[in-house]
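TrEMBL annotations:
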type: DOMAIN; residues: 6-325; note: domain 'FAD/NAD(P)-binding'
type: BINDING; residues: 35-44, Lys53, 145-147, Asp310; note: FAD binding site
type: BINDING; residues: Gly182, Ala183, Gly184, Val185, Ile186, Gly187, Thr188, Glu189, Gly269; note: NAD(+) binding site
type: DOMAIN; residues: 344-455; note: domain 'Pyridine nucleotide-disulphide oxidoreductase dimerisation'
Amino acid sequence: MAVYNYDVVILGSGPAGEGAAMNASKAGRKVAVVENYSQLGGGCTHLGTIPSKALRHSVRQILQYNTNPLFRQIGEPRWFSFPDVLKSAERVIAKQVTSRTSYYARNRIDIFFGTASFADENTVEVFSHNGVLERLTAKQVIIATGSRPYRPADVDFNHPRIYDSDTILNLGHTPRRLIIYGAGVIGTEYASIFSGLGVLVDLIDNRDQLLSFLDDEISDALSYHLRYNNVLIRHNEEYERVEGITNGVILHLKSGKKIKADAFLWCNGRTGNTDSLKLENIGLKANSRGQIQVDQQYRTEVPNIYAAGDVIGWPSLASAAYDQGRSAAGSIVENDSCRFVDDVPTGIYTIPEISSIGKNERELTQAKIPYEVGKAFFKGMARAQISGEEVGMLKILFHRETLEILGVHCFGYQASEIVHIGQAIMNQPGEGNTLKFFVNTTFNYPTMAEAYRVAAFDGLNRLF
Ligand SMILES: Cc1cc2nc3c(=O)[nH]c(=O)nc-3n(C[C@H](O)[C@H](O)[C@H](O)COP(=O)(O)OP(=O)(O)OC[C@H]3O[C@@H](n4cnc5c(N)ncnc54)[C@H](O)[C@@H]3O)c2cc1C
């Protein structure tokens, strides 16, 4: 058995693994990454963030073509199949793999393709896809093995019409009717994608409100627009049985309802990828969701073993995973790059897009903070009218006495970009973080960013 010696060995090449690998390597450590998929990039690139965002982009282009009167000169509205839009996602994935692979090569990071497990706390064994066993020794190990869809035992995922968010990328046809079970971020994003392709979607929610962590007004707006696009949202429902039939699925709900569709997409929960790691060999135990507990330095209970990304649970976002991985490596190399990632913006790529940072109205009211609201509706803004993107709103919540910005909530075109302007201002020290910035600063015109100026004036006008 071949043995290789490293300073830091990283398990997984998603955003958490990549952030960790780059930081450790730039600090002069000898680094190896073990990846059990056949290409680099992690679940993020191959199954999660990238394919879903590329699919959504194509769907939005189709919607634009079908609704913009300009395009009627060149043809009638057209519908595209799911496999058609999947092809464009595959092109993006290939480009991402190429760029990410080059980062590792440029930073002289060794890659081992195979499944990693612990022999002891300084030894990782890699069982490669062609059956070869290799052994890597490491002073430190960072676990960045991500997560996968949770699969309850009573749902038959071998049935050809029952999918989860990984296997949906193998869907070879466009269903006429689709049941999406689970109305979290992934479920609502896929509801937007499929309804944009003209599929009738039943979105089954265990709760009484969509994405209840959002500002109520934004959550209501999302429900309105999903319904407008033919998504039937069914709140407070739980499955009793998922029955796979020939060419379809019948969902039996505990409430007594039965729903029939051509396909069923399970989007209810995820589990950490820890089962193949042989954690027992290092005295570590994952929780019931397969997640590993870490401290604010991303260190596990075993002093030289760290963990980052989806495998540690919240927030389970690629955005945070990269910073967590980078921070885990920062804590190993003891430079100033370790920070505990707890202030994460929300970016939800539904149609319309949603993004927010800071507190929402419910939280501020509960905390009895005297806040005021400033709003800008996209329908009145020049850039939105030019782009034909008039659905949306920016809402700034600010302290009515100090004018400090307490929260920024946005839905509509470019929401996930727009929110970063608010985030940057909220992070300014002292009086830099007030509404005054937006009224005393000249913005490019016409832009979507101008919404901040409009919302700031609207908010100031409410003060007395
Ligand atoms: C449909 C969907 C849409 C999403 N959209 C967004 C979004 O828009 N924005 C956002 O920020 N986040 C989004 N996410 C979440 C995001 O994809 C994850 O948070 C992110 O991928 C986590 O990164 P990671 O590095 O922890 O793990 P991953 O990206 O999952 O990478 C982990 C890698 O480790 C490998 N691995 C597992 N076990 C082993 C082992 N024993 N040995 C070697 N390798 C192993 C896995 O195969 C995988 O390649 C989405 C997720 C899904 C499912």
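Including glycine, each Cβ sits where the backbone N, Cα and C put it.
Values in this document were obtained by computation on a predicted structure and should not be read as measured data.
Taken together, the residues of the domain 'FAD/NAD(P)-binding' (6-325) have an average pLDDT of 97. Shown in sequence order, Ile204, Asp205, Asn206, Trp266, Cys267, Asn268, Gly269 are the residues of the chain, 6+ apart in sequence, with a C-beta less than 8 angstroms from the C-beta of Gly182 (NAD(+) binding site). Checking the binding-site residues Tyr37, Gln39, Gly41, Gly269 against ligand 1, the ones with a C-beta less than 6 Å from an atom of that molecule are Tyr37. When the binding-site residues Gly184, Ile186, Thr188 are ranked by how far their Cα is from the Cα of Gly43 (FAD binding site), Ile186 comes first. By the criterion of other Cβ atoms within 10 Å of the residue's own Cβ, the least surrounded of the binding-site residues Glu35, Asp310 is Glu35. Annotation: Gly41 carries the greatest number of neighbouring Cβ atoms among the binding-site residues Gly41, Gly184, Gly269 [cut-off 10 Å, Cβ to Cβ]. Of the chain residues outside the NAD(+) site list Gly182, Ala183, Gly184, Val185, Ile186, Gly187, Thr188, Glu189, Gly269, Ile180, Tyr190, Cys267, Asn268 have their Cβ within 8 Å of the site's Cβ mean position. Among the residues Gly182, Ala183, Gly184, Val185, Ile186, Gly187, Thr188, Glu189, Gly269 said to bind NAD(+), no two Cα atoms are farther apart than 14 Å. Long-range Cβ neighbours of Gly146 (FAD binding site) (same chain, at least 6 residues apart, Cβ-Cβ under 8 Å): Gly12, Gly14, Ala16, Gly42, Gly43, Cys44, Gly272, Asn273, Gly309, Asp310, Val311, Ala321. In sequence order, Leu203, Leu210, Leu211, Leu222, Leu226, Ile348, Thr350 are the residues near Thr188 (NAD(+) binding site), counting only same-chain partners six or more apart with C-beta under 8 A.
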